[in-house]
Amino acid sequence: MPHRTIHLFRKGLRLHDNPTLLAALESSETIYPVYVLDRRFLASAMHIGALRWHFLLQSLEDLHKNLSRLGARLLVIQGEYESVLRDHVQKWNITQVTLDAEMEPFYKEMEANIRRLGAELGFEVLSRVGHSLYDTKRILDLNGGSPPLTYKRFLHILSQLGDPEVPVRNLTAEDFQRCMSPEPGLAERYRVPVPADLEIPPQSLSPWTGGETEGLRRLEQHLTDQGWVANFTKPRTIPNSLLPSTTGLSPYFSMGCLSVRTFFQRLSNIYAQAKHHSLPPVSLQGQLLWREFFYTVASATQNFTQMAGNPICLQIHWYEDAERLHKWKTAQTGFPWIDAIMTQLRQEGWIHHLARHAVACFLTRGDLWISWEEGMKVFEELLLDADYSINAGNWMWLSASAFFHHYTRIFCPVRFGKRTDPEGQYIRKYLPVLKNFPTKYIYEPWTASEEEQRQAGCIIGRDYPFPMVNHKEASDRNLQLMRRVREEQRGTAQLTRDDADDPMEMKRDCSEENTARGKVARGRE
């Protein structure tokens, strides 16, 4: 018998390539598209900040509009997940609940609770993988039940799996017409809230607008330049360009407004027509596979988002210094390049990947020797593309706690930014207090004379802080600490060691990737 179905949107906030929603429509006589706005869950499990709230609400409003065009409605129900489901399953005589399968512990626990509720109340639960390229369980099975801990090993496993499944077909009005829609009054009762309803700031300064429509528009805009797509190499992008030099699509993948499988397939089509194209790990497909790598490792690694009890992470006695952490978080380190990055992060919810490297290195092994977990929490709150697996994986990487082993490479908070933006335009934009300094001082304003500081309208120590550390002394000390840790915990360090796994290297020889078999590892020829 056809089902009466609640389709639960969680991260897959889109209609294109949505295998779970398609399965729900094909098996139902009535369907209720629902988003449960569980504020306590979003705050405690995902630590969502104001900019991410805006992006989420924009994404929900866009999803509602796109559903409306197909004759359906999105119902946003506020409350705790289990009580909302318990109430509405009984009220609407629901026989099936559908939802995307996710790999984060809190989403797995949620699905397990929904299945228990289904056994109690008599409804079936259907889930499909839609947020990643592969079902991570298949990768684990091929690797003997454990995650491949190096990118090279990961690509080898993927070469056995072959290319990801192709995206499912787009949904149409006919799909929804075959199912009875909820009564119209429900849409008004369960409308998408506005920021004021949730007591968050009414405006967002971020240039990223949430939603499938905007995500697809940005995708098409990037794919029109097929030469750029074919030759993209991530290390050559510019960390302090005033406009993103990467795709800027990551917030849309994170929230599920864009399908990663759709992007992968479109890239494959472009590569197939190109005489030459870049390869993993630095190509655009390579970036999607890095995402998949972290998803796979996180799905099967205990305590992945913390140091203690994490079997692949070095156990380091980081300093606990709330004052220094606060200065880093609030862009008061006294290093303009670092503070400009942290200002952009707070204002816009996005920073370039190399800018992330710079501030993460500064906080951890470079200068302050503060735990990567603290930085991860800040990024989780402020980044629009914050992602359980990628965020924790990258912070372990950048702190040299796992995955990254060239720990002697420490980013200089002065020279690194100056190399790609010698005029300091990025600093002048995000730290206007320094905008009048001559170029020779813009990265080191404390070296300007008192008179020159007065002429620039900024006195160091009063209008902008002195550097909070001596970079050379701090980095030399921390390098010795890290060397000692790695010698003492050599076994743990070796778990994720593979010299081919270094995406931060500015010049890379990709020839090793050519030895892997299969289209995924090589890119299409």
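Cβ coordinates come from backbone N, Cα and C, glycine included.
The domain 'Photolyase/cryptochrome alpha/beta' annotation in TrEMBL covers 3-133.
If you take the C-beta of Asp385 (FAD binding site) and look for same-chain residues 6 or more apart in sequence within under 8 angstroms, you find Ser250, Pro251, Phe253, Ser254, Trp350. Per TrEMBL, the feature FAD binding site maps to 246-250, 287-294, Trp350, His353, 385-387, Asn394.
What TrEMBL lists as site 'Electron transfer via tryptophanyl radical' is Trp318 (among others). There are 19 other CB atoms within 10 A of the CB of Trp318 (site 'Electron transfer via tryptophanyl radical'), with all protein chains counted.
Per TrEMBL, site 'Electron transfer via tryptophanyl radical' is recorded for Trp372 (among others).
The site 'Electron transfer via tryptophanyl radical' annotation in TrEMBL covers Trp395 (among others). The Cβ of Trp395 (site 'Electron transfer via tryptophanyl radical') has 26 other Cβ atoms within 10 Å, all protein chains considered.
The region 'Disordered' annotation in TrEMBL covers 487-525.
The compositional bias 'Basic and acidic residues' annotation in TrEMBL covers 504-525.
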Which recorded positions sit within 10 Å of Trp372 (site 'Electron transfer via tryptophanyl radical') - Cα, from Arg291, Phe294, Trp318, Trp395: Trp318, Trp395
Trp395 (site 'Electron transfer via tryptophanyl radical') to Trp318 (site 'Electron transfer via tryptophanyl radical'), Cα to Cα, whole Å, comes out at 14
Helix, strand, coil: count each for the residues of the domain 'Photolyase/cryptochrome alpha/beta' (3-133), based on DSSP. 62 helix, 32 strand, 37 coil
Alpha-carbon distance [Trp318 (site 'Electron transfer via tryptophanyl radical'); Leu288 (FAD binding site)] in Å: 32
How many Å lie between the Cα of Leu249 (FAD binding site) and the Cα of Trp318 (site 'Electron transfer via tryptophanyl radical')? 33
